[in-house]
Each structure stands twice: as C-alpha cells, then as structure tokens.
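Written below as structure tokens is the structure these notes are about.
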Amino acid sequence: MSSDQLSKFLDRNKMEDNKRKVLDEEAKASLDIWKYVFGFADIAAAKCAIDLKIPEAIENHPSSQPVTLAELSSAVSASPSHLRRIMRFLVHQGIFKEIPTKDGLATGYVNTPLSRRLMITRRDGKSLAPFVLFETTPEMLAPWLRLSSVVSSPVNGSTPPPFDAVHGKDVWSFAQDNPFLSDMINEAMACDARRVVPRVAGACHGLFDGVTTMVDVGGGTGETMGMLVKEFPWIKGFNFDLPHVIEVAEVLDGVENVEGDMFDSIPACDAIFIKWVLHDWGDKDCIKILKNCKEAVPPNIGKVLIVESVIGENKKTMIVDERDEKLEHVRLMLDMVMMAHTSTGKERTLKEWDFVLKEAGFARYEVRDIDDVQSLIIAYRS
C-alpha cells in the first residue's frame, strides 16, 4: 500500500469513527432528554417516602426478614397498589432494595445507606430528609418556574428575582412572616450542620489555640454552635441570628443565644463561624458582612471560619474521579438554588472568594478541603 493509499485509508477510518461518535451522541441524547421531561419524579417519590416514613417502617419492622409489600402497606397505612408502584420506582433508583425472603416464597424491601438518609426521625448526621421537605414545599418550588425571567432580565435588576416575583417579598421577609417556613429553613440548616460540622471540626484542630469565645453568625437553632463547643469545650459559644429566629432557638449548654443583625454589627469574639450564609448574598452585601466579621475579632488571634462551596474554575478538567464530579454537580445545583430562591446570592469560585475577602480587608486566608460539597475557608484578621 502506497503512502497515498494509506493516507486515504486512515482518513476514511477517521470519518467512520466520527460518524459513529455522532450516532452514539444522538442515541444517548434520545434517552437523556427524558430526565428533563420527568425529572421531578425523583424528588416527588423521595418526598413520598419521607412523608409515609417508609424507611422507618422498614428499619423498625420486628422481623429480620425483608418487609413484604403487604407488611409495608399495613405499617404505613398505604394503598398496596400505589405503594407497589412507588417502591418499584425507588428500588429502580437504588434508594431501596428488593430481595427474596429467606424461604424464597416472596420478595421484600430492605433499606440502603441512601434510604436511611431519608429518615425524618433520624438526627444522626446523615439524614437530609428535612432539607428535602423544605425544598419541596409549594413556596420553594414555585420560584423555579420563574428562573428564565431573571436570566433574561436586564442587568440593572428591574425584574424581581424569582422568589420575590412569586411571593412579593424576599425569602427572609417571607420566612419572618410565615413561621412554618422559618422553622423548616432552620431544621434544614440544622440537619446539614449535623452532617458537615464533624468534618469541619476535624479540619479545625490547632486553629483554636488561645480562642475562648466564638460567634456563629446566622446560627439558626443553635445546634451548630452546640456541636462546636462539645468538640472544643474551652470555648464559650454565641448563637447569633435575627430576633424571630433566636426566639425559637434551643437552650444548649455552653451556648448563649444573642439576637441581632449581621448587617449592623456582630458581637465581639475571638473567632467567627459562618456557614451557608454568605452564598445567600451578592458581593456588595457579602463584603459588608465580612467587614463586620473582621471588626468583631481581635487583630492577633482573630479568624473567621467560612463554610461554603468553592466552584471549580476549569469545569470538568478539574475533576479526577466520580465523587469529585458528583460533588461539583451539587455545587452547581446549589448555584441554581441561589438564583431561584435569593435576590442576589450565588456560589463562588476561588477567584470570586478571593475578591470578596480582599475587599473586606482580609489579606490572608486559606482553603481546606473537607471532602464535601462545602469547603472550610479560614480568613485571618492579620
């Protein structure tokens, strides 16, 4: 075969490969599109499992056998025919497993690590059931249908954000006027705190030498600070939030509940903890909060511990394994949540965090990976 013939042969092979790739992409797209048509089924079925306490019914069943459909429908007072369909879907999604009973005469359901994370009664640092229930309230779902309006609106902000457009006020004002939603926000934040604070604490040892007081800004129920003072018992903790939140905060050992507004001032302390607060605000407000944090801590040992997501700068080129890819996907979903539910909030890249921290006067900071959706950003007063 001459070099010219070889070149033509290789070109034909390359063209055939390209055609196959196009066909493969088309075939994949013809299936993938359906998850955007019916994607709401995932969250609706998960909410159904939480509402009926299906994971608890399986976990608490007196028999060591898999729980049959008849037993499960009796335990949760559900229609067997409808429950069978819900469970078929959730088994297919990997939330539950269906396996044969020991005698092999029937099949039954068992929990998985994922289904146990849908237990509304569990407060073990794994369940995110309160978060699912909060995000699936009609009040939080409705703004998603207005997402395109804010994307297409002028930069000057003449079009109200999705939540404001639906409810006539921002999410914080709405929560203040509707205690049920405020309670759901607080419980959603608390269940995430139970999950992530142990990871944060594991990355904090050595940071609190000489620290005797710490304020949790936007601390909600106070549970986060309660966990931190248990981990670092020499620290006096202050749970700082708006009056209507502090009014229903827990009374915990080593924690004092203090009402106030982070936009006005923050109680003086050695260190500040602020988790999932700054992403609720645009750069201008974020810088103001950070400046108030900086003013509240002393020059020598003062530090601000920020627990927030850090979005990768280079998209998938930064992703090294499946877990990293899934974590990044959650961070990007959170950014969509901020667009739907807050007026100016957003998730930030490291470059964007660098900007707001330096604008607030923090010349030095570090980012510690805690193998989670969130990272620990430590900003030093000096």
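Just so it is clear, glycine is given a Cβ too, placed from its N, Cα and C backbone atoms.
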Candidate from Lys275, Lys284 that Swiss-Prot assigns to the same S-adenosyl-L-homocysteine site as Gly218, Asp241, Asp261, Met262: Lys275
Pairwise Cα distance maximum in Å, S-adenosyl-L-homocysteine-binding residues per record: Gly218, Asp241, Asp261, Met262, Lys275: 16
Those recorded positions listed as Asp241, Glu347, and which of them has the most Cβ atoms within 10 Å of its own Cβ: Asp241
Candidate with sparsest Cβ neighbourhood (10 Å radius) among Asp261, Glu308, the listed recorded positions: Asp261
Fewest other Cβ within 10 angstroms of its own Cβ, chosen from the recorded positions Lys275, His279: His279
All-chain count of other Cβ atoms within 10 Å of Gly218 (S-adenosyl-L-homocysteine binding site): 20
